[in-house]
Amino acid sequence: MVEGRVSEFLKKLGFSGGGRQYQALEKDEEEALIDEQSELKAIEKEKKVTALPPKEACKCQKEDLARAFCVDLHTGLSEFSVTQRRLAHGWNEFVADNSEPVWKKYLDQFKNPLILLLLGSALVSVLTKEYEDAVSIATAVLVVVTVAFIQEYRSEKSLEELTKLVPPECNCLREGKLQHLLARELVPGDVVSLSIGDRIPADIRLTEVTDLLVDESSFTGEAEPCSKTDSPLTGGGDLTTLSNIVFMGTLVQYGRGQGVVIGTGESSQFGEVFKMMQAEETPKTPLQKSMDRLGKQLTLFSFGIIGLIMLIGWSQGKQLLSMFTIGVSLAVAAIPEGLPIVVMVTLVLGVLRMAKKRVIVKKLPIVETLGCCSVLCSDKTGTLTANEMTVTQLVTSDGLRAEVSGVGYDGQGTVCLLPSKEVIKEFSNVSVGKLVEAGCVANNAVIRKNAVMGQPTEGALMALAMKMDLSDIKNSYIRKKEIPFSSEQKWMAVKCSLKTEDQEDIYFMKGALEEVIRYCTMYNNGGIPLPLTPQQRSFCLQEEKRMGSLGLRVLALASGPELGRLTFLGLVGIIDPPRVGVKEAVQVLSESGVSVKMITGDALETALAIGRNIGLCNGKLQAMSGEEVDSVEKGELADRVGKVSVFFRTSPKHKLKIIKALQESGAIVAMTGDGVNDAVALKSADIGIAMGQTGTDVSKEAANMILVDDDFSAIMNAVEEGKGIFYNIKNFVRFQLSTSISALSLITLSTVFNLPSPLNAMQILWINIIMDGPPAQSLGVEPVDKDAFRQPPRSVRDTILSRALILKILMSAAIIISGTLFIFWKEMPEDRASTPRTTTMTFTCFVFFDLFNALTCRSQTKLIFEIGFLRNHMFLYSVLGSILGQLAVIYIPPLQRVFQTENLGALDLLFLTGLASSVFILSELLKLCEKYCCSPKRVQMHPEDV
């Protein structure tokens, strides 16, 4: 293309070639040619930009670093540069290559010892020229293996969906604007801004630092946070000693910083580790482990019975190969190898249902733990409340009061002096103006498109400044130093100087009144500093108490030349309104036996006001301060925390002590939070729940569960799902064990009494498909029963096989065995020989019993008419498919030969249906009896027996 344009250029200049006359190049064509050449040069330049190893980047001066990555540190990369670099370096992410071929996964199913035994049986049949038996057994093996493969493959695919969690995000400077991006979009040379709570999105060489501490424990194993600098280093040293480099995956624990991305994806140090990582198997959940134990116990029991059957049959002179084939087939059917798979699928499907409700569960064990949750501790700000902080009241240090209208971060509203209702703009009132100025300057938030980038409290102060036309005053100052806010000190301050005037530096401070006022010696009186008297201090404390009692978060503001000589400016009252639906959620959770507790850093009055607003307690609210938590003995604390609904003035260590005390008292504790100060408690709780939108990366990392939309009421759905899943698994266990016991008992009794086998090997394998296949699987996805949510939290010590469940299993098995033996005895000829009609009637009777049993196993407490026939569509399709399959086995000639069946009349089918329905009718009558005859109190006290 370029050669063509050059050729045209030469032609138009008059150079001849090949007898052709050239014309002059047009101006626009000349400009297009120059632009195209410039673009090609720019592309070549971008291609030369490569990731820089940390040991080289750490030695670079800022200017050299900017030159190496072709980036302006003040404006960042252009979109053109980003596009070209992404083509060269790819996305900032890792692609795991652990995909085992599907065919290999399918062949792995044949490693099951029982399957190998069946194949051995088929081989023996071939050697003895019993070809029909060999084909029948081989076909059955293929069907069983395929069903197992589909179940496992579906489970794996579902788990892959769970790994797509809330993606990490970052703040990046591009084309002169600070943008909020997904971390995967970063390229080498991007300028990234870091603040407290952020997860480092890539390897970054720092260029600006303000008291930056980074937790590199995930990278170095050292628990102590590392202090960072922006100065170049003289020596390379070990990676762990590079103080001006921050590595992907580590966490900002304190301070702020900015730097240039030097490595992304697999070019980062984390990527080097990733390349060497071996995929580890996902650990099994406690529920899965208990199901595995149950399965092993039943397997040993089944093998014992099967061995006895084979021994007795052989001693009675029956054909050894026939008895071996029946024994192995019975082992395949009776041993509940599907239990762990169904548990996994049920848990995964439950998690995916929760994901549709915008609740992300990071670890499967949490699903089962949710049903046991008895206490929910919640941070207040951003969790129970809306996280749209709004200033509603001002009180200046000289006693002036003002009210503020408007909600959120759009800057709409006014500041009116009371009682005159005079609207204040800029510095029309000096006392109010100075108060608002301090809140604006001691601030790291940015409001863009009516959304705050930063802390909501700081966003409220910026919105206040916007309402007074003072939002640009921050640009009048040069920030020299920042002392970031922490839960321990409860204040933050900045050291600044005016751009236009040569004056001494000035500090602006904001924070809790009791902490800020300690640094003050003066108070502002209409622009004139006066000594801060005890009377003035008392006035401020009274005002703080008054504002706090209204549910306002109160911030004190001050300014001055030194931290010990500040001038107190006044108080601002900020409301953080409760989220929509929180009050209703608290009420429903309380009714279901979950005690909700609020843990906040706010003052007592503020905490109590919010507690009452959201209905934490119907009577008098019990409250406890962080100081009390420290002073109370460990044993006494475990007794007291259960009665307290509100914890105030707490730090991260207090939250941790409260969680531990509740756990010591026997509670299963869930903790919700969104901030860095919640991270330790989130990790220590049995269930850590973070906010997806407002939550920091640290809190999301520590949590087991994420509310994507920050919707507190979604916790109700999660607890409901957790309880429902446990009951669904119990339903499945009841169905599968009653079928296993029935099949084993049927063959055992016929063998002991020297009768022909009521079921042949192929029929037993078909029953196995029903027992482990779609009808059984569909019980695991039964929609959650609303009554399950009203049940008290179950104890973690509750087992799947409760006393009541065992009795129901034995009752169902007894009915199935009795009914099937009745048909077998009724259809048996006088010579006791096994005929196709005998086995067909017995086989069909057992299958019909099985399907009616599955119908009643859909709920342990509710009648089928209460839960509805049509509610579980998967169950309907599964049962319909099983019925059609059974009819095919009976009436299609090729299948008749395989399963050794014959045609049955319509009256036969009606009779078998009526008889098989007895297991359903008797089970439903038992539910009815339990519902109206058992004491409601007893049912409530022992929900596991229901």
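Keep in mind that glycine also has a Cβ here, set from the backbone N, Cα and C atoms.
Mean pLDDT for the topological domain 'Cytoplasmic' (1-106) in this predicted model: 72. According to Swiss-Prot, the feature topological domain 'Cytoplasmic' maps to 1-106 (among others).
Remote same-chain partners of the region 'Interaction with ORAI1' (71-95), defined as residues 6 or more beyond its termini with a Cβ less than 8 Å from a stretch Cβ, comprise 42-43, 46-47, 49, 51, 62, 172-176, 183-191, 201-202, 207, 260, 264-267, 271, 274. The region 'Interaction with ORAI1' annotation in Swiss-Prot covers 71-95, and the record cites experimental evidence as its basis.
Positions annotated as transmembrane segment by Swiss-Prot: 107-127 (among others).
The transmembrane segment annotation in Swiss-Prot covers 130-150 (among others).
Annotation source Swiss-Prot lists topological domain 'Cytoplasmic' at 151-231 (among others).
For 232-252 (among others), the entry in Swiss-Prot reads transmembrane segment. Through the fold, the transmembrane segment (232-252) approaches residues 54-61, 194-206, 212-216, 218-220, 222, 226, 259, 262-263, 268-271, 697-698, 701 of its own chain, all at least 6 residues removed from its boundaries and within a Cβ separation under 8 Å.
Taken from Swiss-Prot, the feature topological domain 'Extracellular' applies to 253-293 (among others).
Annotation comment: Swiss-Prot describes THR264 as phosphothreonine. Note on THR264 (phosphothreonine): other Cβ atoms within 10 Å of its Cβ, all shown chains, come to 28.
The phosphoserine annotation in Swiss-Prot covers SER267 (among others) and rests on a large-scale study or a structure entry. When Cβ atoms from all protein chains are considered, those within 10 Å of SER267 (phosphoserine) total 21, not counting its own.
The number of other Cβ atoms within 10 Å of the Cβ belonging to SER268 (phosphoserine), over all protein chains shown, comes to 25. What Swiss-Prot records for SER268 (among others) is phosphoserine, and it gives a large-scale study or a structure entry as the kind of evidence.
Per Swiss-Prot, the feature transmembrane segment maps to 294-314 (among others).
Swiss-Prot lists 315-331 (among others) with the feature topological domain 'Cytoplasmic'.
If you look up Swiss-Prot, you'll see 332-352 (among others) marked as transmembrane segment, on the strength of sequence analysis.
In the shown protein chains, 26 other C-beta atoms lie within 10 A of the C-beta of ASN768 (Ca(2+) binding site). The secondary structure of ASN768 (Ca(2+) binding site), as reduced to three states from DSSP, is helical. Residues or ranges marked as Ca(2+) binding site in Swiss-Prot: VAL332, ALA333, ILE335, GLU337, ASN768, ASP772.
Under the heading topological domain 'Extracellular', Swiss-Prot lists 353-750 (among others), citing sequence analysis as support.
When secondary structure is read from DSSP and collapsed to three states, ASP379 (active site, 4-aspartylphosphate intermediate) falls in the strand class. The active site, 4-aspartylphosphate intermediate feature in Swiss-Prot is assigned to ASP379.
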Rounded to the nearest Å - Cα separation of SER268 (phosphoserine) and ASN768 (Ca(2+) binding site): 51
Rounded to the nearest Å - Cα separation of THR264 (phosphothreonine) and ASP379 (active site, 4-aspartylphosphate intermediate): 35
Counts of helix, strand and coil residues, the region 'Interaction with ORAI1' (71-95), according to DSSP: 11 helix, 3 strand, 11 coil
The topological domain 'Extracellular' (826-837), counted residue by residue under DSSP: helix, strand, coil: 4 helix, 0 strand, 8 coil
Of 751-771, 805-825, 838-855, 875-895, whichever stretch has the most CB pairs under 8 A to the transmembrane segment (906-926): 838-855
Local Cβ density at ASP379 (active site, 4-aspartylphosphate intermediate) - other Cβ atoms counted within 10 Å: 26
Euclidean distance between Cα atoms of ASP379 (active site, 4-aspartylphosphate intermediate) and SER267 (phosphoserine), Å: 38
Reduced DSSP assignment, SER267 (phosphoserine): helix
Cα separation, ASN768 (Ca(2+) binding site) to ASP379 (active site, 4-aspartylphosphate intermediate) (Å, whole number): 50
